[in-house]
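Asks: Positions annotated as compositional bias 'Low complexity' by Swiss-Prot: 130-147. The annotation region 'Disordered' is assigned in Swiss-Prot to 130-159, 437-476. Under the heading motif 'PTAP/PSAP motif', Swiss-Prot lists 468-471. Here Swiss-Prot flags 403-420, 421-438 as zinc finger, drawing on sequence analysis.
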């Protein structure tokens, strides 16, 4: 089935009959990706058939997902998506998920009936064949349980053969953007199903970008290790702690341990520690997610960081390490330029004193003067600018500030503040044109705005009479 045709058919299938949500090609791709993580090869292409999808559903249903993070709602969603995909490939036209499940139940019922009839015929002909087959299955299961993750050679001895390339790539892609989050923990639970303790440690240490998350996981694992040692004193029959954490043993010895419970216990410790770290990052703003704002005082940033560290479930050594490094790494650029030369081991009092004046006008001007001195520029700019309005007014006012009145021509004030008002009509000081009482330069009893005759826009009093130079024209 072609991809475009598959997308059209998926958009017609409802997730539930009561809702208007429909399946998309993204749902199918997610289910296939999770199936591939479980070790089952599943490819969605144009040549995929309904029989292949039915085999994949059967293999996924046979997996033991008790200790896997893919269980509950995610497991049901994967199965339902694959069954809808199978029903479309089989030629059915389901309206919703329930209809597709009904088609699948009918198909499996027919398969069981046909298989039962065939097994009945085989038992009647070869009665001892079934018993031999069951014995072989039990023997193979025991061999696989004892040899995983080691490989059994031809002479029957187990041999450790590490192959972490696929797991390392998956883990690197899962932690590339957000580090150890909830999605990465689910991926970690899937890819560490058959790994020994040394391989799990190598997997965690393969992400140097998120070293802080890995250190938190290791600290929580050490807490569980100490708790198990204390518990072992009262329960001497428990497995050895060194066997659980793989201490003092080679990878081959870890792989050939008789007790598979040790590997599984260490794996559960790592998953629980990673889940606690991921939940702490997403539930409340933890110390890893606290950053200093561009204009936030350094003391306020340290107070928020210390409050977050106090609420974190971690040893005091881990909290002290985080406080020393995060107080520098998560500060803003201005504070980092001062704290980097001091180093993370500097006492907190010196850090606070160094960043006390960061962001103020004085510190900015000091940085400016220092930069200008390094460039060899001599400037009369003072090191500290005035901070009060009075001081600012005293420096920016006065005749030497360059301001000149275009009315009287004097410096020290502007035209709107000039006290020597001048009338534009008569040219005399002391009043404005709207209050002028003169008429053509002569005194008038009526105000300027109430005269009967309109006035010109220029001074007529200053104009003289003009005599024409040409002789007059005489008409006969």
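Just so you know, glycine gets a Cβ as well, placed from its N, Cα and C.
I'd like to know what surrounds each of these features in this structure.
Replies: With DSSP classes pooled into helix, strand and coil, the tally for the motif 'PTAP/PSAP motif' (468-471) is 0 helix, 0 strand, 4 coil.
With DSSP states grouped into helix (H, G, I), strand (E, B) and coil, the zinc finger (403-420) comes out at 3 helix, 2 strand, 13 coil.
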Asks: Treating G and I as helix alongside H, and B as strand alongside E, what does DSSP give for the zinc finger (421-438) in helix, strand and coil?
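Replies: Grouping H, G, I as helix and E, B as strand yields 3 helix, 3 strand, 12 coil.
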Asks: Could you tell me the mean pLDDT the prediction assigns to the motif 'PTAP/PSAP motif' (468-471)?
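Replies: Mean pLDDT across the motif 'PTAP/PSAP motif' (468-471) comes out at 74.
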